[in-house]
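Got a structure for you, questions after.
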Amino acid sequence: MQGGKTLRYILAILLIVAVAVVSGCAAQQQTAAPTTEKEKTAPELYTRGEVKTAEEAKQLLVEGNQRYVTGKVLNDDLSSSKREDLVKNGQHPFATILTCSDSRVSPEILFDQGLGDVFIIRTAGNVVEPVDIGSIEYGVEHLHTPVLVVMGHSNCGAVKATVEAVEKGDKMEGNIGAILTKIKPSVDKVKAAGASGDDLFKNAENENIKAVIAEIEAKSPVVKELVEQGKLKILGAKYHLDTGKVEWLE
């Protein structure tokens, strides 16, 4: 009888020791878990200071595009605190950008910018009507962006459709036809200069960018005055779909 009690006592002690050992191992594994690469290095968030000049604004866009091309983009702050800050303190973009509606041409991405950094107007073929010019004026006058970028892109469907319509003599009707009608003078100009084939498409894309800039300057007293006062600079640019590079048309 006494031997049975002793045996149960020994078994109880062994059970307690076993539980303690297992708990200790588990705790050790929990505290010694390997640190992941993500935990070792906190992601670098994109931040910028106040931008006052067109030169500073362009430099930010150039540097951002270089990061995009090389695959070294910075992680933008998409936190709730960032959104709350933009609501509380308002937006302060450093550039107004007019570009094409093409889904492959996203200024925030290809310039590696984030929430509140760029004020964007997008239309097919990057053409403008009064409402678009009004949006541009809001960006450059009320938001005080020192630079306006008019950016077309390679393989533009609107330009291609216009070239094909011109060469076939097709009528440009309906709402889409209205877009082609805006681009047609640029196609006619480069065609008259002797361009053909791929050069016709490429040159028409570039000419359309220049024509849009001229139209904005001619139809917007606000833009014209800001340019004359040295408070605004208009830059032409072309995004290349294949390389990801933005070509600046000086």
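One-based numbering along the chain as shown.
The backbone N, Cα and C atoms fix where each Cβ goes, glycine too.
Annotations per TrEMBL:
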- Cys100, Asp102, His153, Cys156: Zn(2+) binding site (BINDING)
- 1-32: signal peptide (SIGNAL)
What is the one among the binding-site residues Cys100, Cys156 whose Cβ has the most other Cβ atoms less than or equal to 10 Å away?
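Counting every other Cβ within 10 Å of each candidate, the maximum falls on Cys156.
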Which chain-mates of Asp102 (Zn(2+) binding site) that are at least 6 residues away have a CB under 8 A from its CB, listed by sequence?
Ala124, His153, Cys156, Gly157
Cβ within 8 angstroms of the Cβ centroid of Cys100, Asp102, His153, Cys156: which residues besides those meet this for the Zn(2+) site?
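For the Zn(2+) site the neighbour list reads Thr99, Ser101, Arg104, Val105, Gly125, Asn126, Gly152, Ser154, Asn155, Gly157, Ala158, Val159, Tyr239.
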With every protein chain in view, what's the tally of Cβ atoms within 10 Å of the Cβ of His153 (Zn(2+) binding site), excluding that atom itself?
23
Sort Cys100 (Zn(2+) binding site) into helix, strand or coil using the DSSP assignment.
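The three-state answer is strand.
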